[in-house]
């Protein structure tokens, strides 16, 4: 009798978890079984956050620091155990970094300075150990992973300043780390892609006498917070739990320096574009993110946009009006994109950030920049990262990762 009761309880638990974790996937997603398992893990985390809120611990958006990992300054990383890449920790101008040098790399090697994703709020260089290790291993170049300071404790411009400090240091200290300063590039994913784009813009514009960057790698990058109702935001808003419009808006608000305790409100406001006054919608900045820069097939959303229920908030705009159009915060707000290094952009078909990557690619090409654009058919935000077990790594992610590595090796030859 007891065994039967236990079987029933176990069956109910399994069924309940399956219901909680199930995600109806868009038609065309690659590797639906792997993706369903990965998205299920994400939904389970979301469910735990909802339980916390129910018991009075506050919403995730208003308490995002509870998921922050601390930046580590010591300890052996898992990738070091493979033995084929030297993995060392350093502190560059007070910024912790992890340096990956393949055993077979040149004595004076090309390098990529890499900035991790996580909405400028979550994740660390340690969390990206597997991803950055594999980048170094597959490209046979040095990879420097930067543990920049994060919002909400350190909002804009602190993270990008940390990234600039580290990149400048390596551009002028070739002998110390055995790096060819004429072959240094920057890279990053999501918010890290934003930082990489901002660093490339800053270094291209400043007259420092430092060597020019050789390349930039932008993986599903965040490039603006001006318009969060582009077609990809409308179509992918709640179809892929890893990054929804509200979550992206929350990250933007924290990076902008808006109060963490009111993130739920700011996220709602920004997701409905009520953080910008109506007259800004016809300004030159609106042209920078216009759907006219998109391929025709993406200029119109397939779904109907949700009804706007928020009202324009002048007080919020007054706090962010200078930052929201600063190219170091929103690279798409730059009026001049000429002179930037050869660029690789990876955009995912099923990602709210898809359209801004497409727009940036076109604007770069219009400015005369060489661009290798990789469109991840069937891909989703984060698919390229090597964080989950390999059996959960989707085909779209494998293809994109290979494309990035091929680009880097071809550029630094």
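From the backbone N, Cα and C atoms, a Cβ is placed for every residue, glycine too.
Positions annotated as active site by TrEMBL: 190, 351, 381. Per TrEMBL, the feature domain 'Alpha/beta hydrolase fold-3' maps to 112-271, 316-382. Annotation source TrEMBL lists transmembrane segment at 5-25.
With respect to their backbone Cα atoms, residue 381 (active site) and residue 351 (active site) stand 5 Å from each other.
On the 0 to 100 pLDDT scale, the model's mean across the domain 'Alpha/beta hydrolase fold-3' (316-382) is 97. Cβ-based neighbour count (10 Å, all protein chains) for residue 190 (active site) stands at 27.
Across the fold, the C-alpha of residue 190 (active site) and the C-alpha of residue 351 (active site) stand 11 Å from each other.
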